[in-house]
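**Student:** Attaching a single structure in structure tokens format; questions to follow.
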Amino acid sequence: MLTNNQRKFRKKMKSKHSHGVPLKKERRRSVKKVKKKTYIRGIHNYFLNGLYVFFVIAALFFLIAFKSHQVDGHSMDPALADKDRIIIKKKSLPARYDLVTFEPKNKPNASYVKRVIGMPGDTLWIEGNSLYINQQIESKKTEKIKDKMPAHDLPDSTIKITVSKEVYDQAKGLKKIPEKKYFVLGDNRKHSSDSRSFGFVTQEQLEGVVTFRYFPLNKIGSIH
């Protein structure tokens, strides 16, 4: 005598064979479907894990090599406006006219952004309360100009800058800008605290070179 379960199994088998689909073939199809789903799921997980690792590495690289900075004030108008957000390449040595950020000696927790005007090795000399910087000539006497601007470009690439007594004392007797020291100015020179008042910026003070602006969105792009 057959049990109810055995009868059901026989009916199921007959039904399978009556439709022309052998049981073994059906099982193989099921196994293939499972394998395919497992394979696709594996590729999906592999891709997601790879993407996660990529973003982690990219984030670590950014934190090591770059930093974000928010401009405070109008000293760099029009190149950079107040509240602009920029990317700094850390510990990168600047070229002439690069924008840099640095920590001022008189404000240890602050960070200024200025433009490099004078480089190590540039010729300099003092006349009255004016500092002259020239990167091309070794010895030059420049005619005095009657210009009240704190900095002025002369035709021979010499820059005349009105400086404070502190900077005068710092530069007096020097014929060149010392190694690892830079003279920086704000582009908006009427409203900028820069090397005219506090003197040279040392290489140790430099945080890095400005490379990119990412805010505001309508000004996104590289900085020159």
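Just so it is clear, glycine is given a Cβ too, placed from its N, Cα and C backbone atoms.
Any TrEMBL annotation is an automated prediction that lacks curation.
So TrEMBL lists the following for this protein:
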- 1-30: region 'Disordered' (REGION)
- 7-19: compositional bias 'Basic residues' (COMPBIAS)
- 46-66: transmembrane segment (TRANSMEM)
- 52-215: domain 'Peptidase S26' (DOMAIN)
- Ser75: active site (ACT_SITE)
- Lys114: active site (ACT_SITE)
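Explain the structural surroundings of these features, please.
**Tutor:** Sequence-distant contacts of the transmembrane segment (46-66), counting only residues of its own chain at least 6 positions beyond either end whose CB sits under 8 Å from a CB of the stretch, comprise 87-90, 208, 211.
In the three-state DSSP scheme, Ser75 (active site) falls into the coil class. In the shown protein chains, 22 other C-beta atoms lie within 10 A of the C-beta of Ser75 (active site).
Using a 10 Å radius centred on the Cβ of Lys114 (active site) and all shown protein chains, the other Cβ atoms total 25.
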**Student:** For Ser75 (active site) and Lys114 (active site), determine the Cα separation and express it in whole Å.
**Tutor:** 8
